[in-house]
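Q: For reference, the structure I am asking about is given below.
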Amino acid sequence: MEDTKLRKDRREYVRGRLNKADAPENPMEMFDAWFAEWCETGRGDATAMTLATATKDGMPDARIVLLKGVESGRFVFYTNYNSAKGQQLDANPRATLLFFWSDHERQVRVSGEVTRLTYDENEKYFKERPIGSQIGALSSPQSAIIENREVLEEVVKANTDQYGETGPDCPLFWGGYAVIPSKIEFWQGRASRLHDRLLYTLEEGVWTLNRLAP
Ligand SMILES: Cc1cc2nc3c(=O)[nH]c(=O)nc-3n(C[C@H](O)[C@H](O)[C@H](O)COP(=O)(O)O)c2cc1C
């Protein structure tokens, strides 16, 4: 696309507003309400979110993962613990989750410490997944360089021959992470780029709320 066309691609954001006085004390209440509204749109991959991590020496990285639970104030996703993101989280167990809900002209940013789920929790969810996904997780050395696709498919075939009926046990290298938020920012688009931003910060167990300039 030409630069001039890119620059002309603009719209006004007019669908909502955020009032600090009306905001709940606990940001999770607001997250739940906004997330439910987004899911009601019926959009595909409604649970997709950007997960940002950083390497030990501070190089940022980001990718999409699926939100699989918001439990006890924690945001849960599942992955391969040996993947690039897994290694980054081992070295630097902090992350930011980013949600963009275009229909509502909303963005939510969640940052905090990250912990692994327990093996029991991992296994419980692993077994809820289709057997094909279980075998996929077992077979893929996620983020490693592989010679070609055939190498992967051979491993999948061997694992399908062995575990196709019952599914494999949950591998130790696969499981969930929980992001425990210490900062949650809600952004609602407004006209003339004068957007509303409300930032919740957890201080000594209490959520503090501030309005940020757009
Ligand atoms: C819609 C969508 C959903 C995805 N969901 C997941 C997921 O839940 N877990 C996961 O490990 N990767 C998921 N991926 C793949 C990741 O974006 C990424 O390619 C992979 O996790 C390897 O990332 P890494 O090399 O940074 O570790 C998803 C990708 C897309 C586009």
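Note that Cβ sites are derived from N, Cα and C of the backbone, with glycine treated the same way.
Marked as substrate binding site by TrEMBL: R10, R11, E12, Y13, K68, Y125, R129, S133, R193, L194, H195. Per TrEMBL, domain 'Pyridoxamine 5'-phosphate oxidase N-terminal' is recorded for 45-153. TrEMBL lists R63, I64, V65, L66, L67, K68, Y78, T79, K85, Q107, Q142, S143, W187, R197 with the feature FMN binding site. The feature domain 'Pyridoxine 5'-phosphate oxidase dimerisation C-terminal' is assigned by TrEMBL to 174-214.
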Q: K68 (substrate binding site): which of the binding-site residues Y78, K85, Q142, W187 have a C-alpha within 10 angstroms of it?
A: Y78
Q: What else in the chain is close to the domain 'Pyridoxine 5'-phosphate oxidase dimerisation C-terminal' (174-214), if you only count residues 6 or more beyond its ends and a Cβ gap under 8 Å?
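A: Long-range Cβ neighbours of the domain 'Pyridoxine 5'-phosphate oxidase dimerisation C-terminal' (174-214): 12-18, 20, 23, 25-28, 30-31, 34, 68, 71, 73-81, 89, 95, 97, 104-117, 119, 121-122, 125-126, 137-138.
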Q: Could you tell me the mean pLDDT the prediction assigns to the domain 'Pyridoxine 5'-phosphate oxidase dimerisation C-terminal' (174-214)?
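A: A mean pLDDT of 97 is what the model gives the domain 'Pyridoxine 5'-phosphate oxidase dimerisation C-terminal' (174-214).
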Q: Other than its own, how many Cβ atoms are within 10 Å of the Cβ belonging to E12 (substrate binding site)?
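A: A count of 11.
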Q: Sorted by position, what residues of the same chain at least six away from V65 (FMN binding site) have a C-beta under 8 A from it?
A: A48, M49, L51, F77, Y78, T79, K85
Q: For R10, R63, K68, R129, R193, listed as binding-site residues, tell me which one has the smallest number of other Cβ atoms within 10 Å.
A: R10
Q: V65, K85, R129, W187: which of these binding-site residues put a Cβ within less than 6 Å of any ligand 1 atom?
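A: What lies within reach of ligand 1, judged by Cβ under 6 Å, is V65, K85.
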Q: What does DSSP say about Y78 (FMN binding site): helix, strand or coil?
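A: Reduced to three states, the DSSP call for Y78 (FMN binding site) is strand.
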